[in-house]
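The block underneath contains the structure these notes are about, expressed in structure tokens.
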Amino acid sequence: MRFLGDYKFALLTCSVIALSIYFAINVEFRFAYDSPGTRTGVKVSEKSPFDDEFMYMSIAEDIDRSYLHYDYYRESCPTAEKIIAKAIRDIYNVTPSVAPPIIRLLFHDCFIEGCDASVLLDADEAHTSEKDASPNLSLKGFDVIDAVKSELENVCPGVVSCADLLVLAAREAVLVAGGPFYPLETGRKDSAAAYRDFAEHELPAPDATLSVILQRFSFRGFNERETVSLFGAHSIGITHCTFFKNRLYNFSATGKPDPELNPGFLQELKTKCPFSVSTSSPSAPPDIGLPPSLPASDSENSYGMSSGNRNDEVIDLSYNNEGGDENFGTRYFRRLMQNKGLMSSDQQLMGSEVTEMWVRAYASDPLLFRREFAMSMMKLSSYNVLTGPLGQVRTSCSKALPRN
């Protein structure tokens with residue numbers, strides 16, 4: 001089928017239309033929410049990262065330079081995205097807890113040297129693995145990715161990269177968890193190396209200060225607004241008592257609870273997480289990262305995603321799907337406003353004028369949050385990607401192809 005001429009012109013036309021819609025949404029978005037006297041009751045002064053012409057043009061230039069585009073596998077593997085979406089949904093129907101680990105895998109991959117599937121590589125005689133970095137020891141869902149990759153290889157051997165597979169699987173995980181859809185370009189290539197040392201030091205810890213978190217996101221091009229929106233993924237998944245017990249019993253080595261914790265919530269948590277003499281600050285991140293992770297139990301799990309220490313109580317971050325799927329994200333921000341954030345790094349979002357502003361905005365306007373979260377996930381999923389000859393397409397996501 002021809003459209004306004006040949007295929008290349010059609011692709012350019014579609015790209016311009018998509019960018020125009022994307023920009024128009026943000027103009028409407030700015031008009032509705034970034035003016036004084038908003039529905040959120042917050043006077044917004046920070047500019048959207050998409051507000052000015054320079055950013056709009058830079059997005060267009062990036063598309064011109066990039067090998068990424070929509071429907072990249074249209075000819076080489078036309079059913080690729082459908083296969084990935086169906087596989088994640090089929091697994092979700094059996095194991096609903098599959099979504100948070102896949103979303104967390106995406107973050108832990110993209111945050112370290114970009115979205116190149118390096119987090120999926122196993123160690124071998126010559127290379128270390130990011131899986132062995134302490135922040136990644138609780139990562140789950142590798143077997144889910146392997147299962148989907150196997151399906152793709154049966155249909156289109158050696159075509160779909162693990163990096164594309166992971167970003168598309170994470171998008172489907174967001175959808176089944178009640179989050180928004182967002183369009184993704186494809187054409188990423190896989191890294192031939194892993195970056196364990198970077199993963200060890202760059203992934204934010206659960207007790208990281210707000211300044212450290214914002215600095216690490218800023219280094220990767222995310223402003224406060226986008227960073228806060230990504231934290232909304234903490235409205236699903238689980239975390240272990242081990243990783244916040246110090247807030248209940250020995251905050252900052254005072255022998256007392258964190259004074260910022262809501263008193264009623266504190267008592268609720270103490271009931272679920274009784275005191276033990278080993279209570280101290282965790283040395284590794286919890287099963288909730290940015291985004292969160294891990295199924296709440298192994299009883300419904302057919303993919304080996306064990307919940308770590310079975311003797312350690314866990315907290316359901318959705319609080320039994322409080323408010324329903326339509327409150328994906330917003331329930332998290334509302335609880336922060338009530339001083340009911342589990343991690344210090346969560347509650348600290350209320351400790352800065354700018355981040356608090358966005359917490360309140362997202363808590364009061366689910367549509368605003370869903371738009372912002374979708375845009376931030378698009379940005380995260382395209383961070384520092386490998387394209388063209390810079391990467392490879394692995395046939396097994398855990399093993400790099402031999403270098404020529």
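The backbone N, Cα and C atoms fix where each Cβ goes, glycine too.
Summarising the annotation, Swiss-Prot assigns signal peptide to 1-18.
Per Swiss-Prot, disulfide bond is recorded for C77-C156 (among others), and the stated evidence type is sequence analysis. Around the Cβ of C156 (disulfide bond), a 10 Å sphere holds 16 further Cβ atoms from the protein chains shown.
Cβ neighbours within 10 Å of R104 (site 'Transition state stabilizer'), excluding its own Cβ and spanning all shown chains: 28. DSSP assigns R104 (site 'Transition state stabilizer') to a helix. Summarising the annotation, Swiss-Prot assigns site 'Transition state stabilizer' to R104 and lists sequence analysis as the type of evidence.
Residues annotated as active site, proton acceptor in Swiss-Prot: H108.
Of all the Cβ atoms in the protein chains shown, 27 others lie within 10 Å of the Cβ of I112 (Ca(2+) 1 binding site). Annotated Ca(2+) 1 binding site per Swiss-Prot: D109, I112, G114, D116, S118, in sequence order.
In the three-state DSSP assignment, the secondary structure recorded for C110 (disulfide bond) is helix. If you look up Swiss-Prot, you'll see C110-C115 (among others) marked as disulfide bond.
Here Swiss-Prot flags N136 (among others) as N-linked glycosylation site, drawing on sequence analysis. Applying an 8 A CB threshold to same-chain residues 6+ apart, the list for N136 (N-linked glycosylation site) reads H108, V119, E130, A199, L203.
According to Swiss-Prot, the feature disulfide bond maps to C162-C397 (among others). Over all protein chains present, the Cβ of C397 (disulfide bond) has 23 other Cβ atoms lying within 10 Å.
Per Swiss-Prot, the feature substrate binding site maps to P204. For P204 (substrate binding site), other Cβ atoms within 10 Å of its Cβ number 19.
Summarising the annotation, Swiss-Prot assigns Ca(2+) 2 binding site to S235, D287 and lists sequence analysis as the type of evidence. S235 (Ca(2+) 2 binding site) carries a helical DSSP state (H, G or I).
Per Swiss-Prot, disulfide bond is recorded for C241-C273 (among others), and the stated evidence type is sequence analysis. The Cβ neighbour count for C273 (disulfide bond), using a 10 Å radius over every protein chain in view, is 21.
Residues annotated as N-linked glycosylation site in Swiss-Prot: N250 (among others).
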Near-site residues: Ca(2+) 1, ref D109, I112, G114, D116, S118, CB cutoff 8 A to centroid: C110, F111, E113, C115, A117, V119, E130, A163, S191, Y195, N384
Cβ neighbours within the same chain of C162 (disulfide bond) - under 8 Å, at least six residues apart: A117, L120, I145, K149, D190, V393, R394, C397
Of S118, S235, N250 (the recorded positions), the residue whose Cβ has the fewest other Cβ atoms within 10 Å: N250
